[in-house]
């Protein structure tokens, strides 16, 4: 009778896993309990609870306290109800596939099979005993003679068998042993090897298999050995989607239970954007590599999406998309028409002195302590001289002054004047660029010219113009090297102490800006500090040195806060960040192993803690100044370093979708994004340093976008969708009419901080539209991510939900931008009067036809069309 129950249990569990049910029950017997506890010990099932005909509370199956704090006890077993008791099992799934594969009994009710100790030894060592095939890697077996044996280790079974000296009835078999007969040809016990020898053979066999797996040949070797020896408890095949198929010789798979260690991951495929305006290669650290992961849920491809709306709705959507593109195009044309020729008399464009003083203070309290591009006493002296007699000021100083004004406009808080200053800032920035490359180009090849070049790069990155594509950071670096700034200043005895200090500061700034540009562009790093012998700036105040200084000034101790302390603090991690940039941006990242990522990430975390410790130790000094200024510097430096942590671990976070051993990287990425997002807020609610960082994030480019960048948005969105995907794999999929399951509510509550962060970022991005900047890419992309999450949580149709939300937010974009245009000066160029060369929307969007049957490309509508040469699995 026991074998009948065993066969029924195997059949029932096979049917349950085929139906993808999360809960199952079987009759409660000692044999069933022993087998199920062994499976639970091996991780094949999640939980085993004995209860009645009604399922036990969910918190008992998950081992978690019930929501609300109350506990519900299971009905105790008594003589009256023992016959009605059942064993309730919590089954486990991974990527919608059961962890518990197919189970098949060897012994049948009409055909019992037994194994003696020598026969069992042969099976456990991988040899065939009679017509029972030997065990293979990842197979499990269980004998039914002893209920005390809960461990499925072959060594433990052999030791127990030697002690008992009796036969065992095999509970499970391989699929190829259905015709196995009685073991009449049992092996002679005298010929059997000793237990110690068997254990040694097993250990040697495990070592050989580990070597095969590490070489990437284990799968072929095992499958080629015996096609009929598949396991009876077969682990479910790995169906986790991999958008980048692994290449030969670059496998990230290791033995279960091992830390990935020195294994490197698959290099991401490059993404090339080609359009009529520009061609750009997105590097390995570009956010697009994270965005491609969203296709794994719901088979979200670009060509199979069809409208589910009525015909009128499709026409409205067409109109909204076209109007958004028209707004963007008109805004660009307005910007390009503002300035057509260089400004000949730059001082005449400067505003009143009171406003200029405020703009200089905005720069001095934010960027100057970090990048140290001017000597403050000398700058203020020349500034006073400029207002006394502008004609006596050199062109170099006028250019530096205009760029300081330009950067100061980013942090200027008077909303009524910001747009006016924004136009002036663009005019000043264009003038500086023209001066650098115009007829006076030779006069710029000095320290003043290099300072202006750095200020131009800094102003463009702060958002006064688009990202610094025209002024190349490589050119800035080469310019500095041609001036010898990368060499030790002690090699040049003719330099004064002031020149030595300014050269050291300027070289530190050049390297910092170059390193940031490498991370932002994704191009290989060409700078190696092994070829540089320059020294760090001295820890001195600007008042300690001047043009008249004749002797070297002694640097103060590291515990003393000076005007150069913040720059030195950031420079302490430059060698580490350059190493990270080099590893991430290499075309073939064989050196980016998990061990290196963990090591470098730990060092970056130490650097972040060092920044916090530094500002904590110098709190008394900083409080005597503006505490908000010090808070800005602390957050800005921490923001720069955490960006490197995010880029370093993000490839392994993506890999964690199919290898949970990289979960630590997933956790680190999410924590880094949450820290970054805490540094900014909506301008109407932000205060102090948070307001400065919020202004910078709204207007900045690349790394200066901070938490409003696509990298943070895509990582947080991916984390939430991965959590929902994992929850859905453990039970029935959600529907709009699903009840409020306590586990679902707990999971949703745990995701609430991440959702709140994304919604806060979305609200901040909306302010760019309120400022009149039709930057819809991040806004609409995040709207699509939030719609995807909402659809997955509620069981709504994914594609229809996303497009309905995108349609609503497109209308929101149009309304906000039109309101901003209406508030502007009537002298501005009207949007309607601008010519538009995109009357045919098909010239921008690769669509076959605007009707109810066309396929809609998700990436095009979110603002990043034109990707080509992608793998067939690439989609948005």
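Residue positions begin at 1 at the first shown residue.
From the backbone N, Cα and C atoms, a Cβ is placed for every residue, glycine too.
Taking TrEMBL as the reference, the stretch among 127-152, 283-308, 309-334 described by the feature region 'Disordered' is residues 127-152.
Range annotated as region 'Disordered' by TrEMBL, chosen from 53-75, 76-98, 99-121, 168-190: 168-190. Note on the domain 'Xylanolytic transcriptional activator regulatory' (469-543): DSSP counts are 43 helix, 0 strand, 32 coil. For the domain 'Xylanolytic transcriptional activator regulatory' (469-543), the predicted model reports an average pLDDT of 90.
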